[in-house]
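A.B. asks: As annotated by Swiss-Prot, signal peptide applies to 1-24. Residues or ranges marked as topological domain 'Extracellular' in Swiss-Prot (evidence: sequence analysis): 25-270. According to Swiss-Prot, the feature domain 'Thyroglobulin type-1' maps to 64-139. What Swiss-Prot records for Cys67-Cys102, Cys113-Cys119, Cys121-Cys139 is disulfide bond. Per Swiss-Prot, transmembrane segment is recorded for 271-291, and the stated evidence type is sequence analysis. Sequence annotations record features per position, and here Swiss-Prot assigns topological domain 'Cytoplasmic' to 292-317 based on sequence analysis.
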Amino acid sequence: MARGLDLAPLLLLLLAMATRFCTAQSNCTCPTNKMTVCDTNGPGGVCQCRAMGSQVLVDCSTLTSKCLLLKARMSARKSGRSLVMPSEHAILDNDGLYDPECDDKGRFKARQCNQTSVCWCVNSVGVRRTDKGDQSLRCDEVVRTHHILIELRHRPTDRAFNHSDLDSELRRLFQERYKLHPSFLSAVHYEEPTIQIELRQNASQKGLRDVDIADAAYYFERDIKGESLFMGRRGLDVQVRGEPLHVERTLIYYLDEKPPQFSMKRLTAGVIAVIAVVSVAVVAGVVVLVVTKRRKSGKYKKVELKELGEMRSEPSL
């Protein structure tokens, strides 16, 4: 009996350790990025999380870089895991989703090939800024995107939002949810139903711990589309003076520190179609004008000949 009492403290200690271990395991998640695999294998049992697809250790106290997030999304598609599976229309730009190459800091490399023989150069946001070429294409640097314009169109409301209230709410959102320094949100414009949010950040302005405007814009875009990257959150719930802000369309424009290098091949099918329609219309107009003039000229000649014939047939006095 005494021996059983001696073992009781040891059993309680083992039970406490097991409970602590299970609790640590259950709390080992990344609140700012659910596309991670977390464990307590860090030094001293510390929770550490690695991005899916790249296995890069991420800092869960801030936003994960856009390059690592795109890498994780492509990994989720390939593995069939239903984490953040966007619709086929939920693309970042006209080129759609691709499997990016990231450097050791999680930033986009200057040249991207999507694991194919076709390559192109991208900016710091990962958006193509040159024509596509082969693997001999050289991209000397990653040109920084210093200005991002987010354009939103909200659903019809009983009355327009107050501009000042809307401005304050969006600034609070970017500061509290995306940890973006207030100085990097330069302006909020509003003309019902269009809202424009301007983010500006030069390389010299960004500190070591500052969130990049590219990452903040990407997290915001996923939130707006109901595909939140935050752990345990379902989309975005923004209210202005108690009135919910429901967004039905999002467009994001990127301005780089250097102009893009596109050739005339960059013309889209839509632009080419417009040019073709205008050209056909001009040619048709010219043809109609020429035919009309010829018809009028022919009538005049017939009248002149008829009058001349009548004059000849009249008897002389």
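Every residue gets a Cβ built from N, Cα and C, even glycine.
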A.B. asks: On average, what pLDDT score does this prediction assign to the topological domain 'Cytoplasmic' (292-317)?
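C.D. replies: Averaged over the topological domain 'Cytoplasmic' (292-317), per-residue pLDDT gives 56.
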A.B. asks: Restricting to the same chain and to sequence separations of six or more, state which residues have a Cβ under 8 Å from that of Cys67 (disulfide bond).
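C.D. replies: Set apart from Cys67 (disulfide bond) by at least 6 residues yet with Cβ under 8 Å, we have Pro100, Cys102, Gly106, Arg107, Phe108, Gly126.
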A.B. asks: Tell me, how many other CB atoms lie within 10 A of the CB of Cys113 (disulfide bond), whichever protein chain they belong to?
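C.D. replies: By my count, 19.
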A.B. asks: When you measure from the Cβ of Cys121 (disulfide bond), which residues in the chain that are at least 6 apart have a Cβ under 8 Å away?
C.D. replies: Ala110, Arg111, Gln112, Arg128, Arg129, Thr130, Leu137, Cys139, Gln261
A.B. asks: Look up Cys67 (disulfide bond) in the DSSP assignment and report helix, strand or coil.
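C.D. replies: For Cys67 (disulfide bond) - judged by DSSP and reduced to three states - the answer is helix.
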A.B. asks: Which one of the disulfide-bonded residues (Cys102, Cys119, Cys139) has its C-beta surrounded by the most other C-beta atoms within 10 angstroms?
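C.D. replies: Counting Cβ neighbours within 10 Å, the top one is Cys102.
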